[in-house]
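Listed in TrEMBL:
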BINDING   K259  ATP binding site
DOMAIN    16-324  domain 'Glutamyl/glutaminyl-tRNA synthetase class Ib catalytic'
DOMAIN    338-479  domain 'Aminoacyl-tRNA synthetase class I anticodon-binding'
MOTIF     22-32  motif ''HIGH' region'
MOTIF     256-260  motif ''KMSKS' region'
Amino acid sequence: MASGSASSGSSGTKAVVTRFAPSPTGFLHIGGARTALFNWLYARHHGGTYLLRIEDTDRARSTDAAIEAIFDGLSWLGLAGDEEPVFQFARSERHAEVAKALLDAGQAYRCYLTSEQLAERRQKAQEERRPFRLDSEWRDADPTTWPEDQPYVVRIKAPRDGETTIDDQVQGAITVQHRELDDFVILRSDGTPTYMLAVVVDDRDMGVTHVIRGDDHINNAFRQLVILRAMDAIEGGWPDPVYAHIPLIHGADGAKLSKRHGALGVDAYRDEMGLLPEAVFNYLLRLGWGHGDEEIISRDQAIEWFDITDVNKGASRFDMAKLQNLNGHYLREAADERLAELVLPRLTAAGYEDADKALLARAMAELKVRAKDLNELAEGAAFLFAKRPLALTEKAQKLLTDEARSRLATMHERLSGLSEWTLEALEDNLKAMAAELELGLGKLAQPLRAALTGQTTSPGIFDVLVLLGRDESLARIHAQASVSAETQS
Ligand code: GLU
């Protein structure tokens, strides 16, 4: 749990550099956003730098739209990089240069095994029921015997003896025996670098000191260290980073997070669900990390408290209801002007073209306490801009009995005579009327609400009257009261 003390990663003199390295093959999903958040927080906590790298080497699957969505989602969450992002594909030549240095130093070799040969060997191992481990005869071949006219891949010479232990900041110490590592490919036969090589070279060149990423990359870390240590032996200056592999996010039912659980793009949280970035930020922060029982944690507080060693080792569960509750909290905290700005386009899109920001902002204090997200806020605000005759919900319709409609007629008459259209004047007048009729105020407020908003729930009735103003209020009351007059005549 949270200790509040400085992390072990800060003990060196080197400034902390973290990075978030998404592959732009899909949207920025919620797990990726949390990885970005932890990288950002760790860097901020230690006064370091947080970088972005777009891992766009998979040319077939990387798209500009995904890159845009990633930048967009990150800026929305306040997690844009501290420097210009690095694009991995653009650095292919540098990656190939490192592969060449490894080849020249005898730390890598050209492997001419064909895919057919590899498949045969794999099948043979399967038939003999032993695990397949590549043992290329090219590993120790003299470079002078390398054919120049045949296709080859470049493989790293992985160590065969000994073991490597990673002191993972989240998972603890993990050891892998070197005999379990194979001579994996670093350059493909078309000369393009593999992901394994590109990550190591980029992290080193970007000065990354702490690699914080999903725990699906743990096995890669051991292979990446093979490249790193080989380069360090060749030219020095390729230090091991500190690793922190954070667990995946699961759905509320414990299953791997899927669309059904909310594994959507960050844009869906913003656009479709109408959540505020500070709520998503706070929620992601608490997903697998905590500080005592604190639920509401500001950015500054998070920076002060966060440490990667306090991240839980077990998978965390995504809980949509919790996220919505947090969002309700942040809605109530948010400035009315800002909320009006956010809700306005939703109303316009819903057909309320005359929706007015100033009126929305004035209504916001009353509206936001009744909503958990921007959609509910827009729904709650819609009555302000509805055109007469208002559409009534079924419940509102039921409320407007003949008796209720005749009371509306009376209210219309009395309210028309008011010299001042203020909260106090309206309240005094309606309370006096209720007393005279020997009715509870609710008996007047309910039909009034139905007539003014078309609904049975809304902000306080006097607020509604003031927000709509005298003319619109009276017109809406009249529209419902007059029905009564007709049916009674
Ligand atoms: N591009 C990888 C991914 O999106 C991350 C690689 C890394 O963080 O080292 O899963």
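Just so you know, glycine gets a Cβ as well, placed from its N, Cα and C.
The list of residues near the motif ''HIGH' region' (22-32) in space but at least 6 beyond its ends in sequence, with Cβ under 8 angstroms from a Cβ of it, reads 54-56, 58, 61-63, 66-67, 69-70, 72-74, 214, 248-249, 257, 262-269, 284, 318. Broken down by DSSP into helix, strand and coil, the domain 'Aminoacyl-tRNA synthetase class I anticodon-binding' (338-479) contains 103 helix, 0 strand, 39 coil. Averaged over the domain 'Glutamyl/glutaminyl-tRNA synthetase class Ib catalytic' (16-324), the predicted model reaches a pLDDT of 95. Under DSSP, residues within the motif ''HIGH' region' (22-32) fall into helix, strand and coil as 3 helix, 1 strand, 7 coil.
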